[in-house]
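Per Swiss-Prot, these features apply:
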BINDING   383, 387, 472, 476  Na(+) 1 binding site
BINDING   385  Na(+) 2 binding site
MOD_RES   1  N-acetylmethionine
MOD_RES   494  phosphoserine
MOD_RES   495  phosphothreonine
MOD_RES   504  phosphoserine
MOD_RES   536  phosphoserine
MOD_RES   540  phosphoserine
REGION    509-542  region 'Disordered'
TOPO_DOM  1-52  topological domain 'Cytoplasmic'
TOPO_DOM  83-95  topological domain 'Extracellular'
TOPO_DOM  118-131  topological domain 'Cytoplasmic'
TOPO_DOM  155-225  topological domain 'Extracellular'
TOPO_DOM  250-258  topological domain 'Cytoplasmic'
TOPO_DOM  287-307  topological domain 'Extracellular'
TOPO_DOM  330-334  topological domain 'Cytoplasmic'
TOPO_DOM  366-374  topological domain 'Cytoplasmic'
TOPO_DOM  402-414  topological domain 'Extracellular'
TOPO_DOM  449-461  topological domain 'Extracellular'
TOPO_DOM  484-542  topological domain 'Cytoplasmic'
TRANSMEM  53-82  transmembrane segment
TRANSMEM  96-117  transmembrane segment
TRANSMEM  132-154  transmembrane segment
TRANSMEM  226-249  transmembrane segment
TRANSMEM  259-286  transmembrane segment
TRANSMEM  308-329  transmembrane segment
TRANSMEM  375-401  transmembrane segment
TRANSMEM  462-483  transmembrane segment
């Protein structure tokens with residue numbers, strides 16, 4: 001017995017309309033108003049759009065207001081007029097946002113990578129990792145080449161005398177980081193394999209130098225020490241290997257995998273709460289950094305060409321090169337994808353930290369762009385560690401800039417050395433503010449350029465580093481989108497799934513017997529439609 005379809009009335013009840021497949025669809029009041037051309041439907045559309053993009057709009061407005069507020073306070077006397085106590089209170093909301101984000105970096109990175117590595121079968125893990133590293137390597141090389149080309153074309157360091165005279169006191173040459181190239185790469189290898197996982201959560205290994213008197217001769221001796229700063233590279237490597245080990249345990253590792261997945265989900269709930277505070281923190285972070293600068297106008301006047309070269313390179317790579325790569329492989333609109341991650345991009349600009357932006361980026365690519373959790377939570381932490389397109393581009397521009405300041409010519413061999421060294425050193429660049437400047441000394445030493453001029457780079461790094469971070473996290477997100485597209489196409493072509501996600505929604509009672517239906521460590525071979533899967537059609541992936 002078929003019931004009569006509901007009929008619309010003047011009180012706003014939905015009316016039934018036939019669909020193409022013979023069914024009935026309910027037309028809402030908004031749809032009826034839009035069909036009639038009334039203004040009510042337009043207002044409702046605008047209201048829904050504002051509600052859906054409220055956080056994005058608030059974040060963009062926060063950046064604009066932060067710049068205006070910072071320039072206004074700077075024009076009224078800046079940090080000197082405020083005094084130390086008022087300045088500390090002025091930047092406190094931004095400091096609070098950084099502390100909230102850094103608080104959840106460690107559990108988020110470790111739990112997401114363990115859960116992600118454990119939810120992929122070994123073959124898919126290797127393929128996804130290889131494609132991700134290839135994408136990161138190619139885009140970093142393209143960014144480095146673009147940086148060198150722009151610096152050679154625009155000649156930002158041509159007016160060396162004026163820049164040295166005006167900004168020479170902005171930093172101290174003695175404080176510039178000086179490290180041998182070999183020791184830098186050895187430190188990178190040491191940090192990949194930390195000797196203590198607990199200390200790796202807040203310290204990393206770094207080589208320093210001290211002069212010793214050996215047989216009447218002053219010799220520079222390398223001395224290893226632990227320095228402040230999370231060794232995120234070592235934690236990433238350990239988490240991936242530990243996740244693979246849990247997968248190898250089979251049913252015995254399911255309970256621990258579910259624990260890490262649940263821990264990760266709880267962390268993402270915290271992220272969703274922090275996101276609504278992000279606009280306030282970003283506004284005061286941007287404003288506070290502008291207020292702390294002594295003379296913003298002078299720096300822009302003297303180093304404007306260098307700043308323009310860096311920002312132009314980041315804009316070209318982020319708005320043209322990366323979207324073009326995404327479009328060529330996915331045939332989808334890349335700018336629609338970028339619109340879904342506007343909030344993390346603005347957060348990256350405000351915090352100047354790829355690691356601090358990681359929680360927001362995970363949530364946005366999953367909810368707004370449809371990237372699967374086991375992909376985003378596996379790829380994005382790796383990208384935040386090894387993918388530094390913005391840093392590589394900035395380092396190449398800075399190296400050519402310093403060469404022009406020093407009036408040293410760059411031949412073909414030196415240019416290739418800059419490209420290769422910038423790409424390699426950016427892999428180990430920490431996802432923290434000013435991380436790129438710390439590795440710039442490696443490039444300068446590789447091509448025998450003076451390290452003293454790094455003080456000029458530090459004078460404007462507060463702005464360039466923010467642009468670098470935006471480009472870095474954009475590359476991470478687009479890489480996750482590309483891998484999601486690759487997985488979708490591969491699963492359609494193959495007769496068996498490549499990715500087997502561990503079901504974290506199972507009840508957390510004592511470890512049950514490995515039943516056939518809910519065991520995520522078994523591959524199910526689908527037969528013809530309607531046929532039941534028998535035990536002989538299942539094969540363990542272990």
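Backbone N, Cα and C define each Cβ position, glycine as well.
Other than 383, 387, 472, 476, the residues of this chain whose Cβ falls within 8 Å of the Cβ centroid of the Na(+) 1 site are, in sequence order, 136, 354, 380, 384, 386, 388, 389, 473, 474, 475, 477, 479. For the topological domain 'Cytoplasmic' (250-258), DSSP puts the residue distribution at 9 helix, 0 strand, 0 coil.
Note: the Cα of residue 476 (Na(+) 1 binding site) and the Cα of the residue listed as 'Na(+) 2 binding site' are spaced 10 Å from each other. Long-range contacts of the transmembrane segment (259-286) within the same chain: residues 55, 58-59, 61-63, 65-67, 69-70, 90-94, 96-98, 100-101, 104, 107-108, 111-112, 114-115, 118, 343, 346-347, 349-351, 359-360, 362-363, 377, 502, 504, 508, each at least 6 residues beyond the stretch ends and with a Cβ under 8 Å from a Cβ of the stretch. Residue 472 (Na(+) 1 binding site) and residue 385 (Na(+) 2 binding site) are 10 Å apart (CA-CA, integer value).
The stretch in 53-82, 96-117, 375-401 that contributes the largest number of Cβ pairs under 8 Å to the transmembrane segment (132-154) is 375-401.
Counting only same-chain residues 6+ beyond the ends of the topological domain 'Extracellular' (402-414), those with a CB under 8 A from a CB of the stretch are 151-152, 155-158, 160, 163-164, 444, 447, 449-450, 453-454, 456-457.
Same-chain neighbours of the topological domain 'Cytoplasmic' (330-334): 322-324, 478, 481-482, 485, counting only residues six or more beyond its ends whose CB sits under 8 Å from a CB of the stretch. In the predicted structure, the topological domain 'Cytoplasmic' (366-374) carries a mean pLDDT of 90. Same-chain residues lying 6 or more positions outside the topological domain 'Extracellular' (83-95) and placing a CB less than 8 Å from one of its CB atoms are 73, 280-288, 291-292, 350. Under a cutoff of 8 A between CB atoms, and with a sequence separation of 6+ in the same chain, the neighbours of residue 387 (Na(+) 1 binding site) are 136, 139, 140, 472, 475, 476, 479. Neighbours of residue 476 (Na(+) 1 binding site), defined as other CB atoms within 10 A of its CB across all chains, total 34. Residues within less than 8 Å, Cβ to Cβ, of residue 383 (Na(+) 1 binding site) and separated from it by at least 6 positions along the same chain comprise 132, 136, 475, 476, 479, 480. Fewest other C-beta atoms within 10 Å: among the binding-site residues 385, 472, that description fits 385.
Across the topological domain 'Cytoplasmic' (330-334), DSSP classifies residues as 2 helix, 0 strand, 3 coil. Reduced to three states, the DSSP call for residue 476 (Na(+) 1 binding site) is helix.
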